[in-house]
Structures are given as structure tokens and as C-alpha cells.
């Protein structure tokens, strides 16, 4: 099965800076991946590219084609955004705290520790060394935290932690001393520095620097500094001939850009900075040699709150500032008029940015996982997303595969749209961790179980909790299911080892099933019968007849604790996972063991930082805690406390594929072997707490961190997240599956790219033969040939070549073995083709002509039929919404009196 990573849900933002390209494309880092959100279509997609650790800084080219993402391991990825591929890779020598493309797209300014490096943007060209270091500025005395280019890409404004901002000239100069201009007077780190432009002349006339302690400095440019020119002409401070400063290297023109001319020390005589063109150079005005004056200093008046994020829009001359207390302010410059001052979060804002037009503001809060886009003119939200604060415990698909529900330890239940990748409902009524979810067959009702002792029923249409199921004495529920007809609801407990059965309509307890001697962690109804299966840590799986009140029908004994249980879609087979890493398959009709899969070696791997044993010798985590059958029952997915998801073929009892859910080294358990250089006498270097508490509320802590796991005795590894998969769910269509992992909910789907897999291939079966059959009006033969070639474009071409009057005859001529492939092509056309009536006519005639054969082989065709139902339902909803809108518009137009 060609499943590939498609999207990441449940985590819209995890830290770092966000950028907006093309005015509506929002790019934000999510762990070690990058998400791109189309704000017009409200559609979010996570790129399949992943870095080696959490991404801390990103920058996009002015045209939105390239993206440079740098992670915590100082490794950078140069990405082509339209193609979603990595073009180049680079490793920096120190932590990157600032990153910015030049407005002309030719250069990239990178703040690497105390240095500012200017790199030439590699672009599309192929080269052995794609990144060319053009220049390095080493004037800062502390870490560089902010960068800003001028519009002509000639000047660079740099803010650092040494309480100063510096103005550098990056332009090609010859014979000019290129010392930066210093903006002093700040009492804290300069977290933001920006250029102001005169709208009449489009030239820089102002500069703004924002300090971390809540003050903004406005600087004005008054022109050429005469005193500086006189001192340079008189050589009052000649450069040392022995130790020339690195930042004062002479810039020369080398034909294709900026270059450096390093003179040998023995040839340096102290007069190299002069040239024959000194008079011409002196006539030109350089901003870094000019005179800047402080115009005003204004405070944001946020008491002890620090500035953690800021941005400036040159066209509107406005500044947006985010603070550590969750408040943001929008100010009109240069008069410093407060337009908005609102609180949008309980924690500090870690990113704040304008879009190109300046009408939308983007804010991010790393600790809470919030990502907001706000229109400050209309005071309305364009995007409002927040992920789960803690790990996701359970995930389940809706019957039509359009929605995905998640429950987590933060007591919340969220419902996500699979197509758009966004959350549209959040239920917060639970008061403890949500442990299990179950969708009802009506597609708009959801059940959730929690450790707070309640099972709640939610309605999507009314956005409310319409029923709550409780017990006479409080219980902690860890498993949940409902029968296919929706008459009863069952939940297993953690503390009393019982199974409670409620009537869904009345909410009354109908029965309490006793017999287990340990927590009931697995619970599932047979899809086609009324048999309930339950698994427990008492080494048993029990089958119950809930409606006949016969108690236990069958008991399957195991040698170890049973962790979970799952029914095959036809209800004739049952799978159970045990603590020793085995998966047992039982025949539910005969009550006998069919197969046993040994999975310890398949899921093993990964050493936690605190493990005293190697990954090969450790026994922890070598078991499956979640199982899920495929839509046709041919294979099974299994996962647990490991970085792998295993896919097994049940009939052949072989491992088909292993999916590694993450390569993020910021998580614990990704590596099999720990680095010996990171081991010290005090333990692993990553576990030593060397953080500076004075900087925790400022600009250093821009990531999600350890989420408060540092309570005494809570976690021995300082809260480093351990990679694992807690829940799996396959879509009823069989085209995708979801995994609730440490990084969020990963969506894997069958790849849409073409795979050449022909059937009954012959020397005469060629694309040319298909084209010839279409020209000769033999559409039935052409469709059969295209089916044998199994080429998607040819199949669709043959479908459109059939006249509407001939669809019935062609549909009858299609062989039964090609029905599934034809349905998949029709599903794709329904989702992407405007000819809705024509495709629906095809679907109708196929169902009429092959209804009996579809019913006989429903197990094989079930995924394709569900995909077809999903596509038709979505098309019906879109058409119904459009018709309703048109109807209301026409009613309004008819009600307006005609005065003409």
C-alpha cells in the first residue's frame, strides 16, 4: 500500500517565527516540519519535508518561491515552496537567531551568534557549494536577535543583546571605511529594528528600534555628517597596518555581485583605503556615515511585561508589538498613537507579523499552540487555530471520512476537517483527560469518554453536549464503543474493572458487565453482529451478548496482559495485542486461534535518554498498544511506544511496511544509539538544566518547551517528549489513516502520483491503440484498453469520449474486475471536474448495470464505494449551499421595490 505523509493536524504552531508570502500564504514551523496555510481558502497543508530537530527560524524570499528553515541543530533547509522539495542544505557554525532575505532576493542575512553573515541566495542553479558567503560583520558584542534590510538591499539594520543597534552598508564600496553606525541608549536587548521610508521620495529617513523592556526609539536621518568626513579626510584615526579589522574589509566590484578583496599583510601599508576615486566617492551620501538623531522615545506601559515579538509595516507606518503577558498593541508611527491594545492569550506571544497589504496581523503563542490571523480594520478573525496542549490520546474518523475527532489530556475534544486541515469545533465540558472517542453512524454525533467519570454525546449541527452518561458512583472510563444501530453505549472502567451499558436515547444504565479482574482498556462491537468484545490486563478477551443478557459468551485466554482489541470489518475475525509484543488473530465464529504474529523485533527501536540499557537489550516499549484493521480486512496497522507504525499482511503473516513517524532529534527515543560525547559525569548533557532563568521570559525561549513537566518527580528526563503512537484510525474509504503521535495527528494517504501497474498487458495494448480506438468511435474498446494499461489520464480521456446517450451501453460492457479502478477514476473526477451531471450519470449507470455483482463482492469494492459516497455527499453539500445562497439572493432582489 503506497501510503505517504499527507498532513499534520492537532498542532498548527509549535514555536519559531511565522512569515506571510503573496499576502495570503501563511508559513509557520510545526516541530521539525513546516505548515502552509492559504488564508483565502482556509486550507492548511504540512510539507512532507522534515528537519533533524525543531525548526526555530524561517525566512521566505520576496516572491514566495524559496524558504530557508533553520533548526535547533544549526542545520538549514533551502526549500522550493511550489514544488515542495529541498534544493540545498547548509550547516551553520552557531545558533541562528535571525534570518532575512534581501528585498531583491539575491542575498540572505543570517544572525549566527554574534556574527552577521551575508550569503548569496543559491536559487535554482546547480553547484557544488550552492551557498556563497559574501561577507561577515563581527561588530556585535552579543547575540544578534533582529535584522532588517533596506528597500534597495544596500543597508542592513541589526539589533543585538548588547543593548545597541547597528547600521551596516552592504553595497559595493571602494576605498571607503565601512564602519557601522551605532544606535545607543537602550537598556535591554534590541528585539526589533526597522527602516522608515519617506512616501514622497521613497527614501529612508527614519529608523525604529524596539527594546525588550518595552520602549521604542524613533531615529531621524539628517544627512551627511561633516565631522565624520573631516576626520576621515584628515586621517585622525588611521587604521592599524598590522591588524586590520575584519568588518572594514574593502568591497570591490567583481562583475557578478559583491566580493571582497583581502590584501596580504605584507603588502598592507596603511594607505590601502585611499584610491583615485576618493573625490567621487565622497560626493555620494552613505547612510551609515551620515548623522542620525533620536527624535523621541516612547514606552508601551505594560508594567513588568517584556516585548517578545514585533513587526513594522512601511506602507502604513504602523508597528505591532506582542508582549510576554499575551497582550498585543498596534501603534501608528511616528506619532505613537495606540490603535488597538488587546489581550489574545494567557501566555507570551512568540511571533507577530503583518501581511503585505497590512490589513491582517498574525500572532502565535508557542506554549499554547495558538495561531491567530486578525483583521485589525474590521476587528474580526481570519484564522483562529489552537492545538491540544498535551499529547493526543485518541483519534477516530467519521463514517464519511470527512471529519477527524481527537481527544487529549487537556480535557478537550476537537473535530477537524480532513480536507482543510483546520479545527472547526472544540468541546471543553470534560474536567479530566479524554481517553476514548466513537463516531455514531448518523455522521453528526460523537461520543467521548473521560477520566472524570462521564461519557458525553456531542452534536455537530447544534454545537452542544446533548446527553451525558454517568454512573451511580464515580468511575474512570478508558474505553468506549457503541453498537452499529446506535441503541446502546458501552464504556470500560479503569478502577472497578466493569463495563457499563447505557441506553443511548434515555441515558439509563441497562446493564453492568462484570467478570474482568483488571482495567478494561479495549472495547469494540462487531460491525455486523451484536457481539461486544472487551480486552483487559487480566490476560483475557471476552465476548458478550449485550442484548440477550447472557453475560460472557466466549473467553479467549492469553499468556500476557491484553492491551487492545479490534474487529475485522466483516466481524468474523478478532485481533488482540499482548504485552509480550504478539498479535493474536481469533475466529469469532469457531472460537479458535487462527494466527499469531511476533512483532517485538518489528516495533523495537529507540533509546530514551535515561535508559541504562541499549535499545537492543531494553524490553520496554516492545509491544503494540493500538490496532486497526484496513477497510477490506486484508492487513492490519499496529503501533505503540515506539517510533514505528507497522503494517502486516494477515493472510501471509508478514510485515509489509514500517512507517517512521518522525526523525526529530528533539524528541526522546528517536535514536538507537546515544552520542558518547554528550555523556558527562553528571549524566547526559541534554538533561542538565543550564537554562538562564533571567532570559526565560524574553526572546530566547521561543519554542513550546517541556510544557511544565518539570515538577519534582514528574519526569526524570526534564520533560523531553518521548516519541510514541497512542491511537490509530483508518478512514472507512481505506484511502488514508490517522495516527495520534507525540508530534500531533499524522495523516497518511495513498499517494496521488501515477504508478505504472498494468494488468493483462499485451503487445497490442498501447496508448496509441487507445487513441486509435477513440478516433474510430470504438469507445468501449478504448475504455477496456485503458483499463488494461491502468493509466489514469487515458481512463479519464476515454470516460469523456463517451457520448451521454452511449454511457449505458459502455457501462454494461465494463468487466467486473475493472469496476474498482473505474470507480476510483470517477471519484477523482467528481472532486476535480466541473462536469457534475455527466459524472453522476456515469455513476448511476454503473450502479444499475453492476448492482448484483457489487453486492456479491462488496468487501473488495467497499473502499471504492465509500470514496464514491464521500465525493457525492461533498458535491451535494456544495451544490445545496450554492442553491440556498442563490435562492435567498433572488428572494431579496424580488422583495426590493422597483423604482424605475
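Glycine residues also receive a Cβ, built from the backbone N, Cα and C atoms like all the rest.
Here TrEMBL flags 687-697 as compositional bias 'Acidic residues'.
Residues or ranges marked as domain 'Small-subunit processome Utp12' in TrEMBL: 790-895.
According to TrEMBL, the feature region 'Disordered' maps to 684-711.
Residues of the same chain lying 6 or more positions beyond the ends of the repeat 'WD' (385-426) and with a Cβ under 8 Å from any Cβ of it are 7, 9-13, 41-46, 368-372, 432-439, 441, 443, 446, 448, 450, 452, 458, 460, 463, 707, 721, 726-733, 735-736, 738-742, 744-745, 747, 866-867, 869-870, 873-874. The annotation repeat 'WD' is assigned in TrEMBL to 385-426 (among others).
Summarising the annotation, TrEMBL assigns repeat 'WD' to 427-468 (among others). Across the repeat 'WD' (427-468), mean pLDDT in this model comes to 91.
Panel annotation: around the repeat 'WD' (513-546), residues 436, 478-484, 488, 490-495, 497-501, 552-567, 569-571, 574, 576, 578, 586, 588 of the same chain, lying at least six beyond its termini, place a Cβ under 8 Å from a Cβ of the stretch. Per TrEMBL, the feature repeat 'WD' maps to 513-546 (among others).
The repeat 'WD' annotation in TrEMBL covers 555-596 (among others).
Cβ atoms under 8 Å from those of the repeat 'WD' (427-468) belong to residues 393-400, 403, 405-415, 474-482, 484-486, 489, 491, 494, 502, 504, 507, 523 of the same chain, restricted to positions at least 6 beyond its ends.
Break the repeat 'WD' (427-468) down by DSSP state and the numbers are 0 helix, 23 strand, 19 coil.
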